[in-house]
Structure formats: C-alpha cells, structure tokens
Amino acid sequence: MKKHFKNLIKNSYFFLLITLIYLPLLIVVLVSLNGSSSRGNIVLDFGNVLNPNPDSKSAYLRLGETDFATPLINSIIIGVITVLVSVPIAVISAFALLRTRNALKKTIFGITNFSLATPDIITAISLVLLFANTWLSFNQQLGFFTIITSHISFSVPYALILIYPKIQKLNPNLILASQDLGYSPLKTFFHITLPYLMPSIFSAVLVVFATSFDDYVITSLVQGSVKTIATELYSFRKGIKAWAIAFGSILILISVLGVCLITLQKYLREKRKEIIKIRQWKNS
C-alpha cells in the first residue's frame, strides 16, 4: 500500500510537470485556429475554435499578409553565422582545455559559468559600451556585425559546456591506434574524433541557434536598424498579433516533428543493432 502510494505521488508529479511544460504550447496551437480581429490581433476565445466567425480572418492568412519575412530571414542569417563561428571556437577551446593544467582549467570554467549566470541586461550594457568605444568610434553603425558579435560572445560558453564533457570521455587509444595505422592528425580528426563528437556538436548547434534566434534583450540594444523576429514580436504594444501566434504554432509543430524523427531514428538504430546481434548469435 505504501509503495503504491509512493508510485502514485511520483506519477502525479511527473504528469503535473509534463502538463506545465506542454499545456502552454498546446494552447498556442489551439488559439492559432481562432480568427483575428480587424486590427490583426488574435481572438482569445476558445469557443471560436469550434465555431469560427466566418467574417474573421484566419491567423494563418494574416501570416501570409504580414511583412515578417525580412525579420525572419535576418534571424536565420544571424543564427546560422553565430553557429558557424561559435561551435568551431567551442570545439577548439575544448581540446585546448583538455591539455590545460587543472588550476587554469578551473579558472576558465569559472569565467564561463560566470558569463552564463550574468543577467542579459548586464551583458547587453557591457556590449553597448564596448561597441561605443570601438566599432562606433570608427563611424560605423550598429547592425548585423554588432548583433552577430554579441551573439557569438554569449553562445560560445553554451557550446563549450555541451562539447567538453564528450571530449573528456574520448579514448586516447583510438587516436594512438589511428596514428599507428598511418593516419595524419587531420585525417584522424575527420574520421575518428569528429564522428565521436557529432552528437554533442549537434546539440550545441541546436542550443546556439535557438538561443540566438529568440534573443531579445541583448539584440534590442545592439541591433541598430536591423529587425529580427524576437524584436518584432516584442514590439507589440496593443494585443497579440494573429500572425505571431500562427508563426509560433508552426515552430512548435516543426519542433515536435523533429523530436519524433530523432526518436524514431534512435529506435530504428537500436532495433538494427539487436537484429545484427541475433544474426551473429545464430551464425555462431
């Protein structure tokens, strides 16, 4: 009886946690099925999902009418460049840390953790002061360069924390064996080290891109005239725009589809390994 009660509490806690995480996302998808007002704001009435107003324009039609393509493209360009710069820097830094003395290594990780714990507004102000005394002093304007530089500065620590633990677990005998087989250091990296690190690198790519894509606080202070999706969404003053809800629901569905595909791939991989083991056992 006591064990049953503990299991009930554990399952209830898990269910409550999942509900708190995913219920808001479900609400966004449901509300996106509502119509919109004459001002283009979403109608926050769940009754409209079942009985939509024929005179109310769909949120997805509003998405097609809105000029959000420029902010979206800007956000994607900034995110991709941030990933292409931040992740290689993190990989190189992780290898350098692996060969660093413990005292210096602890200091570097302390600085990394401090940068992650620093509030975004403090980071934004420090970057504005930096650009004011460097970039702007050469009569340059705030824009893509300042945004990308800022995003790289706060993205590298995230990528480093994700990649370094994987490098720590790398078996050095694999590297030595490849060298004994005549592999050059470059060939060893691309054939052994890089495939081994790919799961961590993939995670770092996702985290860095997502962090860059939805950043508002830092971007808003260094953006200049460049608009991103985050700054565009936060610029709303009266009501929630229907196109923003429609765009959010599309992102949610894409994320769910991506997670399902990754889960299916892992399942098929495990099944393939089991089939190979069974065949090897039968042949033996």
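Each residue's number is its place along the chain shown, starting with 1.
Here the Cβ of each residue, glycine as well, is placed from N, Cα and C on the backbone.
The feature transmembrane segment is assigned by Swiss-Prot to 13-33 (among others), with sequence analysis given as support.
The domain 'ABC transmembrane type-1' annotation in Swiss-Prot covers 72-263.
Only residues 6 or more beyond the boundaries of the transmembrane segment (76-96), in the same chain, are considered here, and those with a CB under 8 A from a CB of the stretch are 144, 147-148, 151-152, 155-156, 158-160, 162-164, 167, 197, 201, 204-205, 208-209, 212-213, 228. The transmembrane segment annotation in Swiss-Prot covers 76-96 (among others).
What Swiss-Prot lists as transmembrane segment is 116-136 (among others), and the listing cites sequence analysis.
Sequence annotations record features per position, and here Swiss-Prot assigns transmembrane segment to 143-163 (among others) based on sequence analysis. When Cβ-Cβ distances below 8 Å are used as the criterion, the transmembrane segment (143-163) is approached by residues 74, 77-79, 81-83, 85-87, 89-91, 93-94, 97, 112-113, 115-116, 120, 123-124, 127, 131, 135, 197, 200-201, 203-204, 207-208, 211-212, 215, 218-219, 222-226, 228 of the same chain, each at least six residues removed from its ends.
For 189-209 (among others), the entry in Swiss-Prot reads transmembrane segment, with the evidence type sequence analysis.
Here Swiss-Prot flags 242-262 (among others) as transmembrane segment.
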Do any residues of this chain, six or more beyond the ends of the transmembrane segment (242-262), have a C-beta under 8 angstroms from a C-beta of it, and if so which?
25, 28-29, 31-32, 34-37, 40-43, 57-60, 62-63, 65-66, 68, 229, 233, 236
